[in-house]
């Protein structure tokens, strides 16, 4: 969606010349003066005068009083020296723009009726001279303009008029048609139609006199369709985080319409702004249209030089010096996926995130990039509501966790990815907490070319037939408008990007292509517009030479075809990037095209392994272990060793053993595939593995880090096959106390491949005698009874280890995770269910954690400057404080003083009934939001050893050792462990190189996790489409003015339910103390029945229905109607 924009006029400057107004007063008083003028009878008369004058011009036969007619006829819009033909309510731009390859020298066509002057400078309220660049005029006729002025002043504007405005045609629709439509609907009313009760606080009073006069100026300046573009009725394009509804509930078309009617003719028009389409929610892809924050940051161009939309980046030297002096700050950029004009970087001091307001202030940086920012003056800082937001929870935007890996706004990845990597299940909750579902503002916005107006709930409700809506006005925060006079707790620092340190974003996007609207322009003959699905990526000009040959003649054939595009450049003087189409993926909404698009966007390498990497693998197959290698290792092939994995797993990288000793203690072993034997340092295979860094687990397949020969054969601990391993073995008491420890290279032969279900059956039925038919093939060297006893012994020890771990202060937050059953032929989802984390999962998890902690100590002792460990910082203090306040408000006694006390509070506060379990799920989700991401790091780079700690596990040292087939970090750890034991030479990587690899592994882990989530979201969306509607119980987890968020308990997804999508007579929002409450008044199903009220507050249990929106990958949640009997 296009951003709403309005342009500050040079009222002070022009007013002095034209005698229209007094010098501009400070901006902070604009709204007050606006209200005062609105209540002035003189001003009302003036508006009526203008209104009747326009009606007379449009229809000379109109019956008006003779004196009034004479007065109106005498009135001239050019009075006071105003030249209507030269006046423009927006700033204008130079005509020359940089185009994609081959377009640089093309000069855009100039229509005959454009304003003759080249620039129209305006002075902002701060007194700065500003020139708007590359924005587009949305001209809708004089009547519409006056309507918007009246609306801004609290006048009455009807729904039908708003609906009329929202249905304007794209691609150069004539403003005269729109005037006719307006006139037909409202000619008989004799007054301006009804409006909402909410006036727009952002309208600048100084503009009013010019605005009214500009109506006739626009009316008399008919521009060509290529210049004056109507607001195309664009459907809300889907975002990748589909399960949190990012839009108002009307059925917007999923296909991303580009609104070239507003934007693409930036080189063909002299007067441009880019107002957002009426009634469409924010979140469209970003063309660089400034927000209020942007306008303050625009360059101030001089004459004779090409204007820039963006500031030039600072030099590396200046950036380095600024960072050292503390004048500049750096951090990863996180862009709100629902409001792309909002971005954040974490504050270095751990307090409230630093806010970057607008695309211009973001200065061409993309989500995930490491950027350098400069703080803006305090008067430009963002004012924050003191008691939390009605419409937006701070946690949505204020997390230091990158937004791509925050929260559970979508179905979690299939159990395949999580259950098979039990050594990091605890961490995974904190590596990948979500904020992607950011809670977007609910207000629809009405705009003309200089106004930004907020619609009240009443209008939206009436638009869908709600007869009455009651709202309680809330305190929107401090009444002082100057941020310098407010305490810091009410402010959020704002900044602008001045440099991109590292482009983390792949610069690739999936989306749709569309012809430009102006068919007469030279640009139309040379390029098309690419509109990304991810709104945080800018729109991109692509060469028609890259498009399909018949695209120009048959564009409708490609309206639902996904393409991959890569950004090539984004110049300072262009709203849009330039790029190159890489390939066509196929039809949107289908599994494979969508999957390939997700992988490409997140930079996952799913190409075939290069031949030079494959040459590093054993060439003589079948491969056997040489006698020389056997002699170097401890031979455990006769021991009872087995694997426990998901039934579908093929890359088996960990095995367990448990043998009872004569003294009553146990010898327990964790045996990990020795991948480092095959992946030698500094080889071509090592390079590929280090770049991929991790395997990526999708619902239907795996993108492996290593070639299939290693993943599924030579390294996989398949049953009845000799395999090379690295083992950690302990002598343990039955209570899990460690008496002895041993590390070493080994060779094993697994006796059976158990699934979690098999192990769970043994745990649940300890006395049962299992027949061979009930289990997978078992080695003849070991009996089923022996294997079963080993499983039971491991289970008992694991229970003690787990109990002691939580006594020692560990934390676990189990969030709901969705798994799927797929049709074997079609690959389509047949069913879905919440993955159950059971005792068999916990058994494996405990011993993987134990091995990882043991290896961490071993390699840190041996290589204090080169050890690759994993740390987990404590929660962000600001978000944790907010969460504490929330719990106090709702009467929950939660101890946040440590990980252990938090775990204890969460697990001991609630009972076992259905309501308590649901409330625990909601709180678990909430508690995950302040948690930071666990990170790989090199001990030689981080000097303070206290920072090594792992918060969730509450241990001083931790690493990843147990999954080398699918994580490159584990391969480095294996090499370090081998060197520490004298089995190999020291690792060649210096500490700086290890840290660079750690950083890269962190990035790829985040991307992998997000891809897994999006894959699950894709399959769930298709499941809803194919098998819906789906009903489930849900619990309310957030209440807003006009909507509420729920956690759908049956499927583990979060959805937003909008009041104006429900058959309500009305709804009422209020706060009971500081606890939000929304009362819904349902329409009776029968005339003789009474309306049924329903109170929605935090932790309310409700029934919801998930149903497909009728477009690919979109589904909505609706509240089930309360019957009158309830």
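Including glycine, each Cβ sits where the backbone N, Cα and C put it.
TrEMBL lists region 'Disordered' for one of the ranges 57-85, 86-114, namely 57-85. Your range for region 'Disordered', going by TrEMBL and the list 135-167, 168-200, is 168-200. Residue environment of residue 645 (Mg(2+) binding site) contains 24 other Cβ atoms, counted within 10 Å of its Cβ in all protein chains. Residue pair residue 645 (Mg(2+) binding site) / residue 653 (site 'Important for catalytic activity') shows a Cα separation of 10 Å. Taking a C-beta cut-off of under 8 angstroms and a sequence separation of 6 or more, residue 653 (site 'Important for catalytic activity') has the following same-chain neighbours: 672, 673, 675, 715, 716, 717, 962, 963, 964, 965, 966.
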